[in-house]
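J.: OK, TrEMBL features for this one:
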- Cys41, Cys77, Cys111: [4Fe-4S] cluster 1 binding site (BINDING)
- Cys186, Cys190, Cys193: [4Fe-4S] cluster 2 binding site (BINDING)
- 32-148: domain 'MTTase N-terminal' (DOMAIN)
- 172-430: domain 'Radical SAM core' (DOMAIN)
- 432-496: domain 'TRAM' (DOMAIN)
- 243-263: region 'Disordered' (REGION)
Amino acid sequence: MMDLLIPDKTHDESRQGEALMLNAETAKNNGRKLYIESYGCAMNFSDSEIVASILAERGFETTTDHTLADVIFINTCSIRENAEQRVRNRLKEFTITKVKNPGLVVGVLGCMAERLKSKFLEEEKLVDVVVGPDAYRDLPNLIDKVDDGQKAVNVLLSREETYADISPVRLNSNGINAFVSIMRGCDNMCSFCVVPFTRGRERSRDPLSIEAECRDLFEKGYREVTLLGQNVDSYKWSPTQTLPGREGLEKAENQKVSPTGGDLEGATTNFANLLERIALIDPDLRVRFSTSHPKDITDEVLHTINKYDNICNYIHLPVQSGNSRILDLMNRTYDREWYINRIDAIRRIIPDCAISTDIITGFCSETDEEHKDTVSMMDYVKYDFAYMFKYSERPGTLAAKRYADDIPEEVKQKRLTEIVAKQQEYSFYRMQARIGTVERVLIEGFSKKSDKDYCGRSDQNAMVIFPVGEGYKPGQYVNVLIERSTTATLIGKVIPQTP
Ligand code: SAH
Ligand code: SF4
Ligand code: F3S
């Protein structure tokens with residue numbers, strides 16, 4: 001498969017045979033339209049771009065209108081029950097499309113596909129294909145099967161697959177920001193979480209291929225990459241690893257770029273090394289990353305962030321709970337003190353770093369007192385932003401097996417409402433603190449509300465709105481003097497660049 005994506009100069013007979021087959025298949029699918037809709041985390045959105053690339057190789061074009069599609073894929077999320085419910089509802093809507101077009105192929109991809117496997121075909125008659133996150137290379141064959149009148153399933157998880165050699169087709173792109181997947185899976189086994197079951201074992205992607213992808217994006221005009229992994233701090237690449245795509249990439253020009261993290265010199269590359277390597281591509285390429293894990297984020301990573309202006313001063317550090325007993329039940333492998341220590345390290349090493357978090361309310365057996373520890377953690381950190389959720393029991397997880405989901409819905413909701421209100425206050429507080437400062441903003445496009453304004457993000461990831469003007473356009477950096485704010489947005493005006 002790799003040969004199809006990275007051209008190789010050796011033409012033996014079997015390769016010619018493969019090429020002929022590929023041509024025939026591309027011709028067969030030529031002009032067939034793929035519509036793909038993604039739910040869940042950034043990694044799913046990034047995977048959809050890999051899927052689009054795999055199918056583009058076979059002649060498929062993407063469409064943004066599902067009524068025109070020959071193939072509809074829905075890339076799903078299982079993280080909470082309501083995420084799954086949304087997908088089920090959406091599938092019902094596609095029933096009408098299928099009635100109008102009986103040749104339509106409907107596929108379920110991603111985490112729900114992996115969790116439910118062939119059960120999906122029984123439960124949702126509309127669905128023709130079920131494909132897990134590590135089996136996307138098999139999609140062309142699976143579609144062929146459906147074309148031949150069968151249903152098709154591939155939910156094999158892999159210890160090696162990173163799709164390193166695949167150059168994603170950017171979907172719904174503004175040509176400025178892109179997600180770049182640096183690892184897959186998760187080995188952490190937080191007791192509430194379904195991800196280790198749906199995404200399999202953790203594996204890191206070859207740094208050369210990550211660098212090549214980022215460099216290519218920069219050359220195409222992109223100015224911001226977000227490096228993605230469930231736990232980026234445990235990124236680890238050893239040069240003895242050989243994965244698909246390596247050979248082609250070793251030959252690539254990017255090899256000349258100074259690798260800061262060993263690898264080509266024979267050392268292991270950790271996340272700090274990788275960050276540095278990507279930051280060195282160009283000072284005008286902004287580097288973001290998600291998600292950091294409190295147990296693994298090192299001072300070395302923090303010093304690297306501080307060292308490079310183009311590595312953004314923004315860390316998403318999910319706490320989940322501020323109480324050590326609950327953290328233990330959650331199997332997060334850190335306690336309140338450890339988390340506070342990491343926050344203090346961020347404040348010490350990176351002055352002016354924005355911090356956001358994820359919080360779960362009403363985890364099994366959580367008392368009011370323990371919930372107050374979460375509230376007091378919010379008071380301590382004063383997060384810039386937070387994603388907050390009610391605990392949702394997921395089948396098969398450690399928590400589902402070991403603990404009763406015993407906090408009544410109204411209590412979960414009350415605690416959630418309380419922390420949402422608290423977060424509003426702190427978001428506003430953080431925004432207000434920026435008034436009078438000058439923010440370096442990467443212009444992303446017109447603001448949602450008006451084409452008289454541009455929007456873009458500050459280094460600390462705050463959304464900034466300012467009037468459209470002469471001499472600057474999307475994809476460029478401007479200095480914006482902040483004049484006022486809402487809870488979610490900074491508002492200001494462009495001032496001349498200081499030399
Ligand atoms: N890898 C990231 C999180 C990925 S899932 C990390 O370790 O931080 C994103 C968020 O969804 C989690 O941080 C958690 O807050 C929330 N989440 C995960 N499982 C959940 C569940 N069963 N119920 C409610 N929220 C959950
Ligand atoms: Fe889930 Fe924990 Fe892994 Fe995050 S680190 S994906 S919460 S198991
Ligand atoms: Fe959802 Fe899977 Fe991401 S469960 S949050 S799409 S890894």
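Just so you know, glycine gets a Cβ as well, placed from its N, Cα and C.
Automatic, uncurated: that is what TrEMBL annotation is.
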J.: Report the residues of the chain - excluding Cys186, Cys190, Cys193 - with C-beta within 8 Å of the mean position of the site's C-beta atoms, for the recorded [4Fe-4S] cluster 2 site, in sequence order.
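T.: The answer, listed by sequence position, is Asn188, Met189, Phe192, Val194, Val195, Pro196, Gln230.
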J.: Considering only the binding-site residues Cys186, Cys190, Cys193, which residue has the minimal Cα-Cα separation from Cys77 ([4Fe-4S] cluster 1 binding site)?
T.: Cys193
J.: Other than its own, how many Cβ atoms are within 10 Å of the Cβ belonging to Cys186 ([4Fe-4S] cluster 2 binding site)?
T.: 22
J.: Suppose we draw a 10 Å sphere around the Cβ of Cys77 ([4Fe-4S] cluster 1 binding site). How many other Cβ atoms does it contain, all chains included?
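T.: A 10 Å sphere around the Cβ of Cys77 ([4Fe-4S] cluster 1 binding site) contains 22 other Cβ atoms.
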J.: Taking each of the binding-site residues Cys41, Cys111, Cys190, Cys193 in turn and counting other Cβ atoms within 10 Å of its Cβ, which one has the fewest?
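T.: Looking at the binding-site residues Cys41, Cys111, Cys190, Cys193, the Cβ with the fewest others within 10 Å is that of Cys41.
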J.: Any idea what DSSP makes of Cys77 ([4Fe-4S] cluster 1 binding site), helix, strand or coil?
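T.: Coil, per DSSP.
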J.: Going through the binding-site residues Cys41, Cys77, Cys111, Cys186, Cys193 in sequence order, which have a CB under 6 Å from an atom of ligand 3?
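T.: Cys41, Cys77, Cys111, by Cβ distance under 6 Å.
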J.: What does DSSP say about Cys111 ([4Fe-4S] cluster 1 binding site): helix, strand or coil?
T.: helix
J.: Around the [4Fe-4S] cluster 1 site formed by Cys41, Cys77, Cys111, which additional residues qualify by having Cβ within 8 Å of the site's Cβ center?
T.: Tyr39, Gly40, Met43, Asn44, Thr76, Ser78, Ile79, Ala83, Gly110, Val195, Thr198
J.: Between Cys190 ([4Fe-4S] cluster 2 binding site) and Cys111 ([4Fe-4S] cluster 1 binding site), how far is it from one CA atom to the other, in Å?
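T.: Checking the Cα atoms of Cys190 ([4Fe-4S] cluster 2 binding site) and Cys111 ([4Fe-4S] cluster 1 binding site) gives a distance of 17 Å.
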J.: Near ligand 2, which of the binding-site residues Cys77, Cys111, Cys186, Cys190 are found, taking a Cβ distance under 6 A to any of its atoms?
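T.: Result: Cys186, Cys190.
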J.: Between the Cα atoms of Cys186 ([4Fe-4S] cluster 2 binding site) and Cys41 ([4Fe-4S] cluster 1 binding site), find the distance and write it as a whole number of Å.
T.: 14
J.: Express the predicted model's confidence over the domain 'MTTase N-terminal' (32-148) as a mean pLDDT, rounded to an integer.
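T.: Per the prediction, mean pLDDT sits at 95 for the domain 'MTTase N-terminal' (32-148).
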J.: Determine, to the nearest whole angstrom, how far the Cα atom of Cys111 ([4Fe-4S] cluster 1 binding site) is from the Cα atom of Cys193 ([4Fe-4S] cluster 2 binding site).
T.: 12
J.: Would you kindly give the Cα-Cα distance separating Cys193 ([4Fe-4S] cluster 2 binding site) and Cys41 ([4Fe-4S] cluster 1 binding site), rounded to the nearest Å?
T.: 14
